[in-house]
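Now, the feature entries from TrEMBL:
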BINDING   ASN269, ASN270, GLY271, GLY272, ASP273, GLY336, PHE337, SER338, PHE339, SER340, GLY341, ALA342, ASP366  (6S)-NADPHX binding site
BINDING   ASN270, ASP332, SER369  K(+) binding site
COMPBIAS  1-12  compositional bias 'Basic and acidic residues'
DOMAIN    216-425  domain 'YjeF N-terminal'
REGION    1-28  region 'Disordered'
REGION    61-80  region 'Disordered'
REGION    89-123  region 'Disordered'
Amino acid sequence: MEASVRRAREEPLASPNSSPRAPESSHLEAAQAIQRLVYVRDEVVPAREKLIAARRTNEALGEVGRRRPRPASASEVRQLPNATMGAFAPPHMPSTAEQDGFRPKPIYSSPSAGGGRIGKGHMRAMPTLGAKRLAKELSAGRRMEEQLKEPERTQEQRMEFVKALRIRVAQEKLVESQRREEQALRWRSIGCFCLFDVRAAFVQGACGRLLNQKEAIAVDEELMASPGFSVDQLMELAGLSVACAVATSFPLAQYSEKPQVLLICGPGNNGGDGLVAARHLHHFGYSPRVVYPKPNQKQQLFVNLVTQLSQLSVPVDATLPESMEGYCSVVDAIFGFSFSGAVRAPFDDILRRLTAPGTPPVLSVDIPSGWDVEQGPPTEGACLQPSILISLTAPKMCAAHFTGKHFLGGRFVPPSIVEKYALRLPAYPGMSQIVELPAKF
Ligand SMILES: NC(=O)C1=CN([C@@H]2O[C@H](COP(=O)(O)OP(=O)(O)OC[C@H]3O[C@@H](n4cnc5c(N)ncnc54)[C@H](O)[C@@H]3O)[C@@H](O)[C@H]2O)[C@@H](O)CC1
Ligand SMILES: [K+]
C-alpha cells in the first residue's frame, strides 16, 4: 500500500486533454487513479477529519482555554460596566515557566492607580479598590460633562447673555479702579502728613470703632436702661479710672512730698467724674484740689460728692488758683461728650489759662475740653492740647486727632453693648481699671 502511494505521488496524473493512448497504458492509468482514490480515502480524509476534530475541541474549550488573550484597550476597560470591573479579565493560566516557580511581574494595573499603565502581556484581574476609584472618577467626569453642556439657547438669548456679562465685567473694573483711586488718595494724604486715617485705624484697631456723639450718648443711656446701672455707679467707676490714670502717669514714688493734682470740674457728668477722681486720689496719697465753678446744686449726687470731698478736707474752689506751679498734673474734667458750640464763660477763660505756656501736663477726661466730639480740636479760640487722654467706655471720634498717651477706662461695658456697637474693647490687665491704647506715633 505504501509503495503504491509513493508511486502515485511521484507519477503525475494524466491530463484529460491529452492524446489517445495505448490500451495497456489506459489500464495503467486506471490502476493509478484507483490507487490515488485509496490514498485519499485512507490518508487525506482521516487527516482532515483529525484536523477538524481538533479545531472543534479547541472551540469547545472556548475563551477559557486561551492562554494569551488580546489585552483589552484602555477605552474597552473604561466602557465596562461597574459590575464586571473586577471580573472582566480572564483567569490567569500559569505558563510553564511560572509553574516552575517564576512569577512574571504584572504589567497591567488599574489606570487610576498611581503609575498604572495599560500594556501588552499578562492581564490580571483589576483590584477592587482600583476599580472603585476608577468608577468614581468616571462618574465625576460624566457629571462634569453634564454641567458643561450648555442649555438650549436661542441666538438672541446668547447675545443677551454676552451683553450682560460684558456689563458686569465693566462694572467690576470700574469698582476696582475706584477702590485703587481711593487707596492712592489715602496714601497721598499720609504723604502730606495727614495721619488722621492711620491714627483712627490705630485706635479703631484697638477698640473696634470710634463712637460719634449720638452713639456715645446712646451707649450712656443703654448702660442705665438695660444693665440697669445708676449714674452714681458709672460715675464712681469712671472717676476711679481717672484717678488710676493719674496715679499711673505720675507715680507717687517719683515725688518726695504728696504730689498735688488740680482737678477742674465742669457743670455736667464729666465734672462729676472729676469730683470722684479727686476723692480717690486723696485716698491714693495725692493732694488734690478741685476747681468747680458751676456746681450742680439740683442733683443730690453732686451735692454729696462735694460733701464727701469737704469731709476729706479736699479744697473745692470756684476759680482757678493764681498760679498752677507745683501741680504735677491738671485734670481737665470740664466737658465730656455732650459739649457743643463755642465755649461759654467762665470756661472760656479757664481753657485759655490751660493753654498758656508753663501749664503742668493736662490729663483730659473722655474728651479734651473745647474739642468737637467728632471733628476734634477747635479751629478758633483756645485749643487745649492734653498730654494724656482717658477715654471712658469707648473712644470717641475726636480721639483720632489725639497724639499723646491714651488710656481707656470705665470697666463696666457688658457684652450686649459691645456687640450692638461693634466694639472691640481691649482686655483690661488683671484688676486694673485702665488699659493703655496704642495711639502714639
Ligand atoms: N456711659 C458713659 O458714657 C459715662 C459717662 N460719664 C461722663 O459723662 C460725660 C457726659 O456727661 P454729660 O452728658 O452730663 O455732658 P458733659 O459733661 O459733657 O457736659 C454737659 C454740660 O456742659 C454744658 N455745656 C455744653 N456745651 C457747652 C458750651 N459750649 N459752653 C459751656 N457749657 C457747655 C451743658 O450746659 C451741660 O451743663 C462723659 O463725657 C463722661 O465723662 C461718666 O460719668 C459715667 C459713664
Ligand atoms: K474733659
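We number each residue from 1, going along the chain as drawn.
From the backbone N, Cα and C atoms, a Cβ is placed for every residue, glycine too.
TrEMBL labels come from automatic prediction, so no person has curated them.
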Within 10 Å of its Cβ, which one of these binding-site residues (ASP273, ASP332, ASP366) has the largest number of other Cβ atoms?
ASP273
Neighbour tally for GLY341 ((6S)-NADPHX binding site), based on other Cβ positions within 10 Å of its Cβ:
6
Here the binding-site residues are PHE337, PHE339; which one has the lowest number of other Cβ atoms no more than 10 Å from its Cβ?
PHE339
Measuring Cα to Cα, how many angstrom lie between ASN270 (K(+) binding site) and ASP366 ((6S)-NADPHX binding site)?
8
Residues other than ASN270, ASP332, SER369 within 8 Å, Cβ to Cβ centroid, of the K(+) site?
ILE264, GLY266, GLY271, GLY274, ALA333, ILE334, PHE335, GLY336, SER364, VAL365, ASP366, ILE367, PRO368
Output: those binding-site residues from ASN269, GLY271, ASP273, PHE337, PHE339, GLY341 whose CB lies less than 6 Å from an atom of ligand 2, in sequence order; none if no residue fits.
none
Quick check: in three-state DSSP terms, what is SER369 (K(+) binding site)?
coil
Listed binding-site residues among ASN269, PHE339, GLY341 whose Cα sits within 10 Å of ASP332 (K(+) binding site):
none
Max Cα distance spanning ASN269, ASN270, GLY271, GLY272, ASP273, GLY336, PHE337, SER338, PHE339, SER340, GLY341, ALA342, ASP366 ((6S)-NADPHX binders), Å?
22
What is the interatomic distance between the Cα atoms of PHE339 ((6S)-NADPHX binding site) and SER369 (K(+) binding site), given in whole Å?
8
Determine, to the nearest whole angstrom, how far the Cα atom of ASN269 ((6S)-NADPHX binding site) is from the Cα atom of SER369 (K(+) binding site).
13
Using all protein chains in view, find how many other C-beta atoms are within 10 Å of the C-beta of GLY271 ((6S)-NADPHX binding site).
27
Given ASP273 ((6S)-NADPHX binding site) and SER369 (K(+) binding site), what distance in Å do their CA atoms have, once rounded to a whole number?
14
Binding-site residues close to ligand 1 - of ASN270, ASP332, PHE337, GLY341, ASP366, only those whose C-beta is under 6 Å away:
ASN270, PHE337, GLY341, ASP366
Segment-level pLDDT (mean, integer) for the domain 'YjeF N-terminal' (216-425):
97
